[in-house]
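Worksheet: the structure to be examined is printed underneath.
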Amino acid sequence: FALAHMVNDFDIMKSYLDEGANGIETDITFSPEGEPESAFHGVPCDCKRWCDRTVSFDSYLQKTSDLSTPGHPDYRENLLIIILDLKLNGLSQDALANGGRRLADKLAAHFWTVGRRDQRATFVVSVPQTSQKVFMKTFREGMEAIGMGDMNAKVGFDFTDNGDVSVTKAVYDELGITEHIWASDGITNCVALLFRGTSRLEELIQKRDEGESTYISKVYAWTYDKETSVVLALELGVDGVMTNYADFVISILNKPEHSSKYRLATYEDDPFERFKAV
């Protein structure tokens, strides 16, 4: 997956989809009460990016629903996965709980109501810290409560705190989440990968490959903008690369030395199916 980073308005969304990105990551802000409000990152953000792009969350959902619905004039077949990078830090536990329910309500309203279930996008609900696990809990409960439990097939989960892998697994076990788990490791593009290292990324890939007992479906790295970093990630066996330059990542993927082992995912590929590194 070539995952376009910080896709927070429609102009940049079009640009990345034109480049061939098959996934987008969007920052979602919340009110103090836990109501999803807008796609917005703000400063600071990645180097060489405009931090203040924004649209309302409802407008964002309507647009991405149109883009992922076959037969709609705006349909884009390469939009496969939408990572919702949820800006939850600072919210109380009550607000987190409300936020999970409200996100379920909004996704259902825009994507899975009667007559709209043919849309093709899959979501990753990306929570910053394991201490905010109640958000995932109430999201899943909310989906069941509104009769959308079957649509959990289109939803995955991710914690982005670069935390201890065993602790993260214990939290998923507590939540009863045993599949559809995307695991990520990364750092802003303003810091060289040399300083971050890849030891945790390699640990995630190893856990993914351990067998049927593992809890990880996919592993992605962020935010990789340099060829050396992208090549290293591919050689390690990641499932996705999040980047500010989707066309650049795709061009690397298409080089002969990589295209014999990897290709860009399509709709026929299950975003939650586990593939081992070779």
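Glycine is treated like the rest: Cβ placed from N, Cα and C.
Candidates considered were C45, C47; the recorded disulfide partner of C190 in Swiss-Prot is C47.
From the candidate list D66, D74, D85, D94, the residue Swiss-Prot records in the Mg(2+) site shared with E25, D27 is D85. Taking every protein chain shown into account, C45, C47, C51, C190 are the disulfide-bonded residues, and of these the Cβ with the most other Cβ atoms within 10 Å belongs to C45. When Cα-Cα distances from H41 (active site, nucleophile) are compared across the recorded positions E25, C47, C51, D85, C190, the shortest belongs to C51. Every protein chain considered, the tally of other Cβ atoms within 10 Å of the Cβ of H41 (active site, nucleophile) stands at 22. Listed in sequence order, the residues H5, M6, V7, N8, T26, I28, H41, I83, L84, L86, S126 complete the 8 Å Cβ shell around the Mg(2+) site centroid, once E25, D27, D85 themselves are left out.
Across the fold, the C-alpha of D85 (Mg(2+) binding site) and the C-alpha of H5 (active site) stand 10 Å from each other.
Take the CB of H5 (active site) and look out to 10 A: across all protein chains shown you find 31 other CB atoms.
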